[in-house]
């Protein structure tokens, strides 16, 4: 007869609960774990260190337009393939796959509406579409946004979030630098303000063209802004770069950025600034 039975020790666990994917996000700067609801309430900024997460054009529209009401325009434009470009896949296939995967149609979206009760036109770039690169469609959309601002007699805000020119379109992409810069001069001729908002990243042909041409150049905190990347520059000149090189704060210190604004204060600061810049009559 067995009086005792040896039982192997074990740890009793509670029933496993599946956590929905995407419920938590980790801050890239401080490592804090942020709940999705908390992140949205803070306009996709970290409440611990102030890090600004990248957001879509629609998110900027909802932040800046009154009651999240706006009208999008020129969403029908699609990229052509003038060079029949092929890298690891054909350019049209890459565009099609990106549209299917992301649900976005291009790296730029245009909208107009009311902000603080006044008419406003916004052209916002999207890093989530082929790195926010500027091809012929992006250049055309920004140009049409300037035309819409003139039509509505309203200020224009261009929100940059891009790695630069779209290499798949070659010279057609580089032409957009001159095209957008030329079109934006018409705003000045019509005495309409143009505000450039640079977010992370604003690089390459974007920083070398319209992003630095604003009547007021604004940036989000710690945004990477420059032409070539810091690693490329370091490898070229064979020297260490200053601390914070190509960050918004460094550029403001050296006179390239007029104002750094936290996303929570963006609408209020823009409203005050545009009110002062508004020309009557």
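Cβ coordinates come from backbone N, Cα and C, glycine included.
Per Swiss-Prot, the feature Zn(2+) binding site maps to 27, 30, 46, 49. Here Swiss-Prot flags 23-281 as domain 'CoA carboxyltransferase N-terminal', drawing on sequence analysis. The annotation zinc finger is assigned in Swiss-Prot to 27-49.
Ranked by Cβ neighbours within 10 A across all protein chains shown, the binding-site residues 46, 49 are led by 46.
Counting every protein chain shown, 18 other Cβ atoms lie within 10 Å of the Cβ of residue 27 (Zn(2+) binding site). Cβ neighbours within 10 Å of residue 30 (Zn(2+) binding site), excluding its own Cβ and spanning all shown chains: 12. Secondary structure at residue 30 (Zn(2+) binding site), as computed by DSSP, is coil.
For the recorded site, residue 49 (Zn(2+) binding site), the DSSP three-state label reads coil.
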